[in-house]
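Everything below concerns the one structure shown next.
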Amino acid sequence: MSLLSKTTVLKTSFAIEKTIEPIYTGGSFSLSNDGYTFASSLGENVKITNIDTRENICLINGDLEIITSLALVLDGTRLIIASRSLMLYHYQIPSGDLIYTLKAHDAPIMVMEPDVTSSLIATGGAEGSVKVWNIKGGYNTHNFKGHGGVICAIKFSKEIKRRKDRWLLATAADDYKIKIWDLVKNCCLSTLDGHLSLIRGLDFSYDEKILVSGSRDTILIFWDLNTFKLKKSVPLYETIESVQFLPKGLLVDNSQLIVTGGNKNIIRFWDYISGLEVNQICVSKLEDITICEIVYNSERNILLSILSDHSLIIHSLSSLQFPILRKIVGYHDEIIDCTYIGNDNSHIAIASNSRTISIINCFNLDFDFLNGHKDIVICLVASKNGQWLASGSKDNEARLWKIDTKSNNFINVSIFTGHMDSISSIAFSSIKKGTMPDFLLTGSRDQTVKLWNILNLKDSIKSVYTRKAHEKDINALDISYDNKIFVSASQDKTCKVWDLYNGEVLGVLKGHKRGVWTVKISQFKKTVITGSADRSIKLWNLSDYSCLKTFEGHTNSVLKVLFVSYGQQIISSGSDGLIKLWTIKTSECVTTLDNHTDRVWSLCISSSEDTIVSVGADSVINFWKDITQDEKKRIDNEKSSFIKNEQQLLNYVQRQDWKNAIILAMSLNHPHRLLMFFKEILYKKTSGFDNSIEVNIIDQILESLSLEELSNIICRLRDWNTNFRTSYIAQRILYILLRAYDVPYFLKISNIKKILDVIIPYSERHYKRISGLIETSFLIDYTLKEMDNFPDFSKL
């Protein structure tokens, strides 16, 4: 009875609680000096994010050309961007205002680096030239030529209290040579030749005596900046992608350490005096992942590692255990499936175009990986208690995982093999005893369904049965709550109802005109819901396998359907990027949720049904919060407030308290009533328009407006001024406003120019019309005067 009583509460509204969007898809990036503001290129645009909270700070829309390099300067308040258009852009952050634009190089800028004071920025072009720019003024201060290839690395010296006779800049190109430039003498001090492959990293020591260079030839070279000779070379036996000096005494007393990263996924710390490795951090156990860049931030004492799979890992250097502060996925690619896991729905598991499964913490949005599959993971399912996860992949295998989100312990318990093609659908049976489901059901593109007994995993794992289920790919499976039947959906346009234990077909659901993508059995009624590529959703009766209802509203394929509100509502997602909530009883779409730009492949709902997660081909993960009760309270409060204000307004009109009536009408945004009140006051005197007490009320109100109220009243008089019948009121109000406020105050209104562009032409038209009427009135005076000269016909 308790469940039935809850079913009366139907959902009507959802709102975005949080969104996980791509923040890094490869290419250029920059971390501000404060260690929080992170800028990265997303194709032709740049996104600025708080890397600690993942809060979006700003999005800079580019010039339709790919971004080649960027840099944050002045503690993240300025952003310099270069694109393939050969232009250099300087933006204000977080407003996103463009400060200046200039033509920088004759070829795309490949690298850029600001100095420690953020007064200068050096750029390296694909044509081999290096230029130095004054950031504030936007002018070129130095132009260096001499490299024989594309500039691939650039670095200013670190010394803040710089020597007056020397200011160094190091650059490297794909000719494998390094050049040391002196900005004071405006010349090249030396050319360093020692590497045999592309140089990926350069850095100066803090005392400006040593330059370190790291290359893909696996050699780390230390250069003496007094003699410009090779001082020491250290073989690392891995391609070096990043190298950087750490402050003296950090991690090891009285020692100067260097941090490197490369294709072995290990952050390594080296003592440059001895050339020995003193410590290391393994950032990933995946063999095909590479460290692309390592950035040390002194403000937070952290290391930010950028990996080739677009993930970002932040390690603290406060202790030798190097605790991980954040693990962030910069880009998920196309997300195919998702499900809640954990006892308290604290995490979600997602499958994307990857052989790994991403585990995301719903609270801090940190991530972890489940590695084991040999090809792309296609489908996921979690047990009701969230302690078990099953996955199906293009490697023709299904895997069973034991989940412990509290200790971040994820164990691959078993592997199920036997299918001859990709596993495209998977389902758990309900948990009746203990904490583990009895069965696992898998469907494949080999058109078969297999049932697996997972209670005793010590025995050799063999399927209980295999059934040739459909004539085409099996897209979805679902098992009933009582574990008696299951339903399969296929590209052959049909769904089949099966006996779970003997694998016999009980019925066939026919009616869709195209392949069926998704299926779900109601937990509370003997019904099944299906979604198809024919853009429809169908509700079926499990008693006679007839179609009860058809829901239409999506403009493209329906990819996922779920029952909510204890079986009384349906939530669906489609290739049109929309999520729709339907009420079964009325067959109506209650609401449509829109925050995706591509196909929404999957949905999952929390056990309390207060949060829905949607994922799609746009690599966006949306958390939708049920705000039905909040919205109901808001509407009730608005109704109550409306009734109260309406009564108050009627009372003011009854008492002819025009001052309070106008103020209340303005606050309620009632333009028609506001116009009527102004008419009542201005047209009250039949003898003309004079400065009566009532008219002075208007002056008192309009002379004490806030900026927002002033903006609203100007918008109103703009509309009234378009009609000659109400233009007098508009002109009278405009006269009062111009007399009461200075011009600078009007300029604070954001769209004042557009408003004036409408007011001025209509005012000129009204002026011409009134002038014409006045001129015409003189004709009446002339006629009457001439009539006085007529003879008195009565005396004739």
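Residue numbers in this text run from 1 along the chain shown.
Cβ coordinates come from backbone N, Cα and C, glycine included.
Record features (TrEMBL):
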- 646-787: domain 'U3 small nucleolar RNA-associated protein 13 C-terminal' (DOMAIN)
- 102-143: repeat 'WD' (REPEAT)
- 144-191: repeat 'WD' (REPEAT)
- 192-233: repeat 'WD' (REPEAT)
- 370-411: repeat 'WD' (REPEAT)
- 416-454: repeat 'WD' (REPEAT)
- 467-508: repeat 'WD' (REPEAT)
- 509-550: repeat 'WD' (REPEAT)
- 551-592: repeat 'WD' (REPEAT)
- 593-625: repeat 'WD' (REPEAT)
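Applying DSSP to the repeat 'WD' (144-191) sorts its residues as follows: 0 helix, 24 strand, 24 coil. The predicted model assigns the repeat 'WD' (416-454) a mean pLDDT of 92. Residues 424-430, 432, 438-439, 441-445, 447-451, 514-521, 523, 528, 530, 532, 540, 542, 545 of the same chain lie 6 or more positions beyond the ends of the repeat 'WD' (467-508) yet place their CB under 8 Å from a CB of it. Counting only same-chain residues 6+ beyond the ends of the repeat 'WD' (551-592), those with a CB under 8 A from a CB of the stretch are 3-4, 6-7, 9-14, 514, 517-520, 522-525, 527, 529-539, 598-605, 609, 612, 614, 616, 618, 624.
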